[in-house]
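Trainee: I am attaching a structure below and will ask some questions about it afterwards.
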Amino acid sequence: MASGRFPGKSADVAINNWTAPSQGRPLCVNGTPWILYLLEECVDNIWEYCSVVIGLISMFCFLLSTIPQVYEAYRNGKVEEAMSFGFLVFLLSGDLTSFAGCYLTSQLPIQVVTVVFYIFTDLILVSQFLYYKIKNSSSRKNPALKWVCFMWCGAGTLALLALPKLIIDNGSHLNTQSPASSKSVEITGYVCGYLASVFYLCSRFPQIHKNFQRQSTEGTSYLLFALAMMGNGTYGLSVIVVLPALKGSKQNFIVKHLAWLIGSLGVLILDCFVTAQFIMYRKNISAKSSALRHIPEVEPLLSEEEELTVL
């Protein structure tokens, strides 16, 4: 299973590099050691090596993408005005279905841990949104709200820390199923991957609409979308770069990855629209800041006309 947020291993690429096991001879003769250890892929040529490195860059871009928005929401304190709740829901739904796909297709531990981290940051964003929405809509301070938020985040953190271990341990049971059952589970996993791509694609529309309604991007971090653009762009590049190294059908390989390529390309195009909104509405933010600077700190009690009348 590959995902627009984390490209999975492609068995049809690396399987030709493995040799039959024999006494005293490793399975992967000329493979890159660190890739073999980390991703369990036998990479023995420059095209596959570049594809793996670019794919890891894509993964780290996605890993870092939500962190600037978490900080911006904390600094600004009005995230419910800036962010679309639909954007956050679709993003979380995409990561949850991507996680289900990782589990059903028995992906590597690094992929499971990575998707769990995505879900963790998504929950922080959703929690921030709900916390500030309740806090800013209330006329009085509620100390219990902050403690409830901390307890919720703490419980979610502990659950997500334990989840990868449970999933990896239970993943061995999926490998012992009958071929027919295993095939249906794998198909279900790929369907989850397709749904994840659809959710990621749909996530941008509510935020674009929200920005257009407000005529502003204040309160949102551009790094969230810039890093996502880099992640989607490098993911597509990692798929294209490996094509010269394919020993099988290139057409089948492209068809197999087509859904995720379309999803990544679609999100990349939509993020270009978001970038245009940041550029267009930056003038509105500058004008607003300039107007606030020119407001006098203390307004006169009487206007000039009222002062003349009194005299």
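Even glycines carry a Cβ here, placed using N, Cα and C.
Nobody curates TrEMBL annotations by hand; they come from automatic prediction.
This is the feature table in TrEMBL:
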TRANSMEM  46-64  transmembrane segment
TRANSMEM  85-106  transmembrane segment
TRANSMEM  112-132  transmembrane segment
TRANSMEM  144-167  transmembrane segment
TRANSMEM  187-203  transmembrane segment
TRANSMEM  223-246  transmembrane segment
TRANSMEM  258-281  transmembrane segment
Trainee: Taking pairs 6 or more apart in sequence, does the count of Cβ pairs under 8 Å between the transmembrane segment (258-281) and the transmembrane segment (112-132) hit 3 or more?
Mentor: no
Trainee: Quickly jot the same-chain residues contacting the transmembrane segment (187-203) by Cβ under 8 Å, restricted to those at least six beyond its ends, or write none.
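Mentor: Contacts with the transmembrane segment (187-203): 1-5, 86-87, 90-91, 93-95, 97-98, 100-105, 259-260, 262-264, 266-267, 270.
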